[in-house]
């Protein structure tokens, strides 16, 4: 049964996110108007984010309700616990049953579990928890448009490889915001990943530095000499915000007794509210965030584009649905198989995403770029290998402790 579940999770993550990647790249190129005389790009990243976050929150709610225990109230199932339920988590038995999802973002917190759980209970606050969700939602709302805008200036393989460098900003933000320290091997990983992405960007051909061929043909800005620098700058901003998001989630998982699905629900729900509000208001034009502003609603502009360019509907639906379902498969994997399995799946998924983009959209990679990609994934593989050793050592330690308890 466990093997069948693993196959199900792997198939789900692969199918959803490979499909999602194809849809995302399709949304970055021009769409022909309904009259057939012109074409233009869909520029409202906020609209894309709103669609995906709404469906993600809906799918998370359905998941939570379907897995809700009979002994739980609805409030508890949604992640808000009363005082009595919080006090019970300080017992040794409860500590031994900590959810697996805690492992994937803060393995450095797992030493001394009893102490960590006590900290969670003593500092639990529904208001602080909601503020943490709101902080993550705000970062996500502003990060997504920069990632989408970067595709107008750099190729999708470069984007995928750049996103593989998320460990760098996550580490930096953890140090700056929460004063955390890291194991020596993580600095090696950061160095390898940074070196690899530098090689990949530096050895790109001239056409790649201007973005994809379709994008370059449709946008004058992408043909400027500084196109690759603009794309890299947008990507760096996106990664910096991603780092703030992940470090904040690390802190929330260490402080509060919440599951990944509960966090998925509330963060996506707040993302929907924030982005929908920004789109509905008649705000002035803001580069990247509200490109269709000028005093009119971004929501109206996005809807008008969809009516005039119906070809965008199909990839838009695919992008939203696969993104929402993909998150559920990720949290299902975390819950039943832990962070090591998830890291392995996501690592190979990113490699296949880049290769699929090269095949489907005919991107041409230079030998130097292939070398950069190998260095990046080698660095990520070092992280996965060390994580495997750490998890194995912890399991051995837990088995020894259980054996001692039984002997008593």
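Using the three backbone atoms N, Cα and C, a Cβ is placed for every residue, glycine included.
Note: TrEMBL annotation is automatic and uncurated.
Since this is a predicted model, take the numbers as computed values, not measurements.
Per TrEMBL, the features are:
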TRANSMEM  47-65  transmembrane segment
REGION    85-105  region 'Disordered'
TRANSMEM  128-154  transmembrane segment
TRANSMEM  160-178  transmembrane segment
TRANSMEM  187-205  transmembrane segment
TRANSMEM  225-245  transmembrane segment
TRANSMEM  265-290  transmembrane segment
TRANSMEM  310-330  transmembrane segment
TRANSMEM  337-361  transmembrane segment
TRANSMEM  367-386  transmembrane segment
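Listed by sequence, the residues of this chain that lie at least six past the ends of the transmembrane segment (265-290) yet keep a Cβ under 8 A from its Cβ atoms are 44-47, 49-50, 53-54, 56-57, 60-61, 64, 78-79, 130, 133-134, 136-138, 140-142, 145-146, 149, 234, 296-299, 302.
For the transmembrane segment (310-330), the partner stretch with the most Cβ pairs below 8 Å, chosen from 47-65, 128-154, 225-245, is 47-65. Within its own chain, the transmembrane segment (128-154) is flanked in space by residues 24-25, 27-28, 41, 45-46, 48-49, 53, 79-80, 162-163, 201, 208-212, 215, 219, 221-222, 227-228, 230-232, 234-235, 237-238, 241-242, 244-245, 248-249, 251-252, 255-256, 258, 263, 266-268, 270-271, 273-275, 278, 288-289, which lie at least six positions past its ends and keep a Cβ under 8 Å from the stretch.
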